[in-house]
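Quick look at what TrEMBL annotates:
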DOMAIN    336-448  domain '1,3-beta-glucan synthase component FKS1-like'
TRANSMEM  526-547  transmembrane segment
TRANSMEM  559-580  transmembrane segment
TRANSMEM  592-615  transmembrane segment
TRANSMEM  717-744  transmembrane segment
TRANSMEM  1472-1494  transmembrane segment
TRANSMEM  1529-1547  transmembrane segment
TRANSMEM  1618-1636  transmembrane segment
TRANSMEM  1642-1665  transmembrane segment
TRANSMEM  1747-1767  transmembrane segment
TRANSMEM  1779-1800  transmembrane segment
TRANSMEM  1806-1829  transmembrane segment
TRANSMEM  1849-1871  transmembrane segment
């Protein structure tokens, strides 16, 4: 035991030592014992602070450190004396060891603890004296007030940090002293009080220090903040608070204190919402442009705006339920009362936890609490509210939220982790929709917990086959039954329209002419319509099963009324039509019935059209609303559509309606023309021939077709056409939307600057464009007529533009995209001097002087012609002009007296010569090189620091210049200025000329010298600057966006405020050195990989940290700071949290720069004005400007919600240290997390959950800002939305941008954010925007060919596709992209995502659904972009696409999709369908078309129909069939779906680059990838709807260079691709073997080519895109791993990765429901057609087509199964009779061979028949196996499961070998592996990557 204690003490000492030494080499901060205080201790923050100070003063006074540690231990002991909390025992043990260690240092001397208090008091005094406490604050204040710090802001920061550290330590010492004794000397006590008052800004706050105003944070001095704070003050009408109610002395009581006391809200919730409301009010006030006053007052308009925004949903809720809001007249509500209501709602919302997903429930709570508050307001003294009060105290959480959370959590717990049917439990929507009816008031107030609403469900039965249902309250208004019928139920209008159009077109085609007979037949559309409407009403009845008990009686009545109405109508209409036809067929028939039918159909159609017209067309919508008072109109509208709280008023502006109606009319006209002329009409004649033919000979026993008009043959002919008819509308939509999107993009000026050449050419327009778009409007900026005024305007524009441009360039350098030289070339001069021109960046002017010189030397033209030649290149002209004026400026500044006179004389003479046009006569231009060389020499000297030698050299250089100009260049008549020249000549002779020279010391003059020197020395063109592709792309997009239309920028003070919100779980934060060095199986490390992919960026990084570009990696590890920089460099090139945080913090940086420059340019007189506007471009002062930082903090907040950060900290995970490091490097970063705390309650350990917000403190540790207790574990739904929901209370502002953890941002894009936010106030339709869509750039496209494919696909969707969705279609949703939400709108309507388990697996898109249903508007904007990472490996991509497809499968079942499908007008419904679930359904239909086509061909081949038809009339050569097959061919190859990608590339890259890019992708086999992707989407979409099983998949966003084993690929793709691919191959082989076609091989190839392509893509794509997939050694290892996996037995704890048996069981888990088993059984029946058809084609059966043949085949199959069982009999069972078993097996084998030989010899059985039988029995066996699997529980009961598992193993082994053998054969040839490597990594090759070396393991960096 002693040894254990000794080791523990050594460990503790090491930890403490590391803590004192600071961060280790990897920048992972040791946290010591102070950082490990368990969260289960209630006051862990206080203990942590005490131990931190103890550690800090350890070296200074170990005795005091010991006292503090002992006090910390006593606090922990008092809090948890029995050490029952989690981690408490370990903590106390460790702390005791530390105390023993400190005692041991006394070297055995006894310690007199009676003197501890005296020592502590003395140390307090000594510490104050040592740190000059009296002077610390004074020095800081003097420095702050003097303005001197503006030149050295770092000094102020150091002073502030030091002061904060000292006072933080004093505060802890004082607090410990007060806790130890009350007997403190008065003098010391007074001093402690003064010191405590000096620590007000050490109190934790988020953005605005309200509880402790800080003079170091000037945000509280902003007028709008002061006005907001004053608005919340306690007003006269509020009852008095008890005197003992705690309020900080630093602020006055306010209305939130009143609500805190009355309703028992949590303290931190109140603090959080106080800041939230102040923040909202301050920003609203700032937008009103109210002049600043000495005592700012909150404006009524600001309060009114916030009130209406915050309570808009409540007001609408009251209006919907026809109840009176809590106020009787809104106009009479005072400003203070409005703020009180807003405060109450925010406090309710802030503490509602998961109940925030129930927005109307919050309305209900607010409604009752506001009424309760009105009662309390009538009293003199505040009293606790009855609804929140009990004997245990006042608590809103316990009495209001917890009962709701408890029932929601209980229902969620009954979903069996997502496996239970949705109909078996209530989700968030069910609970919320309960509050959409007046029945909710039955819950009363306080809650009536006996209500059925609070009834907890009984746990569901685990027995799958039990039919008994668990007891639970029914669903509310909708039930998510798992069925494909939802597609018809939600979009019945589409299907009715398609069916009726098909019927009409077919009738016209079959009639051939539009006569009376044709019209009569067309009238059959009437029965079709009412029949399909009846089907819809039937589905209404069925789909509501499970919700009848809780649904409103009115809604149930409507359902059954519609059922009766349409049932009756379908019978009546059908009867009348049939009767009318019968009468018409008679010679003397009665036409009355026919006319009656016409009358009824006409009236019904007219009413339908009339209602549709008035209900769907926006212009008439108000009229229909006015008619609601008419009972008949109200009844008709109610019958047509159920009225919900959401989905009302979903109409658009008339002009928008016309636009998208025209869009769809174009598509529909094309679709139906195609359908009629190429699909339906060509099949009419062949159909008639087939129907009327009786001479077809069937080769099998036919049941159906022979005497039934050959029905199956007709079905085989028409089935593919019908399926294509259903899906080709999507193809037409794709093409038309691509063209439309292309035209929209061209109109918006996208892609105008798409090359560096265009960037260079248009650069001079950028400053003006910048001022027009991104700069605030200047009142005195106007377009002038005179050239001088125009130049001045351009110069002003350039001076305003240059600081921003230069900051962009500096950021590119910091990100290592450009070199130091490129930065020098790209930086733009300040343009603040006296030069009469605009100075452009050097990269535009580089080498221009040399070219101009050569032109001048070679020119024999006149002066005008010479200048015209130079002026052809604008930048050459600018370079010449700049050199001319700059030389004069510099020489005039450095020369005095006669020297200055000489300069003026020369320039005057030049100007005279220019005017006279005699420049060539007056000056010897052939001597220009001499002049340039002398000026260059002079500038080369002047740009250096002054020394006496250099001064002499400069004088000599000026004299040389004078001599050359005087004697060699000048040819003018000097007599005109004789006196001047004589004076100069004499001064030169006497040595006086240039004897004195003023060295350029002014920074701006020195910059001009350096620039002139560069202009005269750079001879190489800078046409390719910047060389880095990413830097060029970013600059091109930014400059292009300057010419795009965007809202006017408002000053930062007046802009909308916003938050950025990033959910994080456990992904990579920052790569560690170990991760970067770790090599994969090929010897490749991440660092080495990145060095090869980004070679230029690696060199730039090395130069930035001061290392040689050829330095070995190991040299970096000597320096901790270099190691940290290396980790960040690598992390910024991956998909890490560090990259995302860096990108998002650019918003703050941009806002600080904009604020800083706005203040300077507006002439604000403050300390910042010490920096001239000219210096602004060269200084980073804006980053430390207190005013700029305050304004940026008021406008921007960044919250990363790291769900398990608390657990990561407790577990000492590296991610926790890395997150802490990010907080230290980004002071505005806030981290929210869920903290799980164990507390003792009634002697039992109880878990409590807290939502916490932290930031970094001055000690580099977390400082807890808010800690809000939750009612329980918040993760009861989907993880990501729950993570977002708990932390959204910590966000601020009017808007919130949702950013995923794999995104990036750029400084230049951050400058546009204030423009984007103004879109909320622009006209985007009949409703204001609620979500602003933002464009994305996929930055992972260069990693590999797969990454490139995904990048192109994603880019096409996020640009061109969403452009059209927003305009004109008006159906853009939220797709998880970096969209900007109207924050207040969404937080009052359920949040920014939905969280119900499984159904909301694609949580993001439901935010768009919810926003649209609640009368929101989603727009799309492309002048701003955000970076996005995508998956780069095939497996990652497949998992991601599987997740998205499964999510879309769940969307099909959801109420949101149903309501949108019902409430949209017809054309908008079409848009919505084909851009959401319809896309995936059409994808499924595309694959289904192949199956239907091939099964049809197989039927015709096996039944003999095909051959008979060929022999009779060669019908299949008819153009009809050809047309159908060609259509299918085009659809399969996907040529039309590539149109958006091609057009998008043409728009943004140019025609040539787009075509080259597309052809390159084709050579890289992108068609194989997209075909494979088709299979992924089809499988997971279909399986999810049938069986469920959709779940969140973590794809892992790392770099994929490792080889994926064969087994891993087989596990992932076996069921989704391989089985289906082999089925297609089987169909093609059967058709090849038994099909009949006169065209022979060519005809077969044409018919089957695309099917073969699809099948082979599905089978081999995973191996084709697998690194080293065809390397022989890898293949051998894969085979060994494959066999081990197959043969390893499963069992408890064995994972699917280890054993086939375990994997197989996992694969079957999704088949759980009875309906699912039925569906699987029906689908499996298709495999039996092979045996039925092939058996009748065997030679052995002769001409016999009786069923006996088929029966005998089953006997043979049974014999084969028995033989299989004999040979696979379990060895474990047969241990005692091994010899007998082997004998039986041998005999059986010999008998089987003998029997086969006899059959071949003595019957007609042939060897071909044997192989054909195998072809027949294999699919039959699979069909039997599939059915048995579907009924797994039954098979287990029958004892057959082990046999079934053995057969399944055989099939999987066989399928694996079919795939493996071609791979093994290909790997024999080395060139295949080389080709594959080039195929995969072609993009990276173009950037210098040698993947072939990488994958061979030839790593030159062996030192890694």
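Every residue, even glycine, has its Cβ placed from backbone N, Cα and C.
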Legend entry - Residues from the same chain, set at least six apart from the ends of the transmembrane segment (1849-1871), whose C-beta lies under 8 A from its own: 1606, 1610, 1614, 1618-1619, 1622, 1659-1660, 1663, 1669-1672, 1674-1675, 1678-1679, 1682, 1686, 1700-1701, 1704, 1764, 1768, 1821-1822, 1825
Legend entry - In contact by Cβ distance (the transmembrane segment (1806-1829), the transmembrane segment (1747-1767); 3 or more pairs under 8 Å): yes
Legend entry - For the transmembrane segment (1618-1636): best-contacting stretch of 592-615, 1472-1494, 1642-1665, by Cβ pairs under 8 Å: 1642-1665
Inset, instruction - Could you break down the residues of the domain '1,3-beta-glucan synthase component FKS1-like' (336-448) into DSSP helix, strand and coil, giving a count for each? - result: 81 helix, 5 strand, 27 coil
Inset, instruction - Calculate the per-residue pLDDT averaged over the domain '1,3-beta-glucan synthase component FKS1-like' (336-448) and state the result as an integer. - result: 92
Legend entry - Listed stretch, out of 592-615, 1472-1494, 1642-1665, that has the most CB pairs under 8 angstroms to the transmembrane segment (717-744): 1472-1494
Legend entry - Positions whose Cβ lies under 8 angstroms from the transmembrane segment (1642-1665), at least six residues beyond its ends: 1345-1346, 1434-1435, 1490, 1493-1494, 1497, 1525, 1528-1529, 1532-1533, 1565, 1567-1569, 1571-1572, 1574-1575, 1604, 1606, 1609, 1612-1613, 1617-1618, 1620-1622, 1624-1625, 1627-1628, 1631-1632, 1635, 1859, 1862-1863, 1876, 1879-1880
